[in-house]
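Student: Feature annotation from TrEMBL assigns transmembrane segment to 12-36, 48-73, 79-101, 121-146, 171-194, 206-230, 242-260.
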Amino acid sequence: MAGKMNEMQVAVGMLHITISIVLPPVYIRFVYIFITRKKYRDLECYRIMTLTGILQLFAGPGAFCCGLIQLIGHDPCNILLFFVILFSASIAAEVCLNLVLALNRLKVIFEIRTPPYFNKILMVLDCLYGVGYAACLFSPFCGYLMPPGQYVGSYDFSKPYTALFSKVNSLILTVSSALTFLCYILIIFNLIWIRTKSPTVLRKEGAIFVYAGVRFAIDMSLSIVFFFVYLPPSPWTELAVGLAYILNQLLVSPLLYLTLTK
């Protein structure tokens, strides 16, 4: 049994490292295009998507370190855990950033006037949330675990405030996801009405809306599974959830960009 488990650890470690090396360059290219080309840089929605891409690219070093932990069988001085925690924090921040993108789409579709700095403030707050999330897990009061043989990270409830930290973050992510969902419901009804009035507007906004909607649906599903669904303790279950998070961060968005920008 131990031999099979060790073989699985090696296989999972190699898989994670391979993914972390192969997938990020394509995504980095898209982020680079969004940053350097004026037609994207000047649009608020693409600035939000650029920040989303930067956050999602933390999955690269996170996946690499997850794989390395499995291969070497230990984590010297928790150096590798540092990048795993950054990966976890980037996921939390990115889920909240979905709300910022949804509000941007709502503003455009409904032609709502807001101060030009409104979404910038929300983006800064989102980044501060991600920094605070990581800082809490680095502190002695909360903890995060990724030992060899465990294929998805988990909170360390032996620390005094980890339970409170988990509840607060689950509440933040739930409220953020609920508000994002409400925004998209309003947008869908409005787009149905617009379709009969102005097909040109629908075509113009359709690609970004599809991207935002698909990203939100996947992120919300993973958050529900992580925070609220009891999964049987099994290495295969852990592997499936861990890979789902990594591929969601590094593969889904580039595929959507390739599909929607043809």
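Each residue, glycine too, has its Cβ placed from N, Cα and C.
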Student: Report, as numbers and ranges, every residue of the chain located at least six residues beyond the transmembrane segment (121-146) whose Cβ falls under 8 Å of a Cβ in that stretch; write 'none' if there are none.
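Tutor: Long-range Cβ neighbours of the transmembrane segment (121-146): 47-48, 51, 55, 66, 69, 75, 80-82, 84-86, 88-90, 92-93, 96-97, 99-100, 103, 153-162, 165, 169, 172.
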Student: What residues in the same chain, six or more past the boundaries of the transmembrane segment (171-194), come closer than 8 Å to it by Cβ-Cβ distance?
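Tutor: For the transmembrane segment (171-194), the nonlocal Cβ contacts are 92, 95-96, 98-99, 102-103, 105-106, 109-110, 129, 201-202, 205-206, 209, 212-213, 216, 219-220, 223, 227.
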Student: Where among 48-73, 79-101, 206-230, 242-260 do we find the most Cβ pairs under 8 Å to the transmembrane segment (12-36)?
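Tutor: When the Cβ pairs under 8 Å are tallied, 48-73 comes out ahead.
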Student: Taking residues 6+ outside the transmembrane segment (48-73), which of them lie with a CB under 8 Å of any CB in it?
Tutor: 9-10, 12-21, 23-24, 27-28, 30-31, 34-35, 40, 80-84, 86-91, 93-94, 97-98, 100-101, 104, 119, 123, 126-127, 130, 146-149, 151, 153, 211, 215, 242, 245-246, 249-250, 253
Student: List, by number or range, the same-chain residues at least 6 past the transmembrane segment (79-101) whose CB is under 8 A from its CB atoms?
Tutor: 45, 48-49, 51-52, 55-56, 58-59, 61-66, 68-69, 119, 122-123, 126-127, 129-131, 133-134, 137-138, 144, 146, 153, 169, 172-173, 176-177, 179-180, 183, 212, 215-216, 219-220, 223, 245, 249
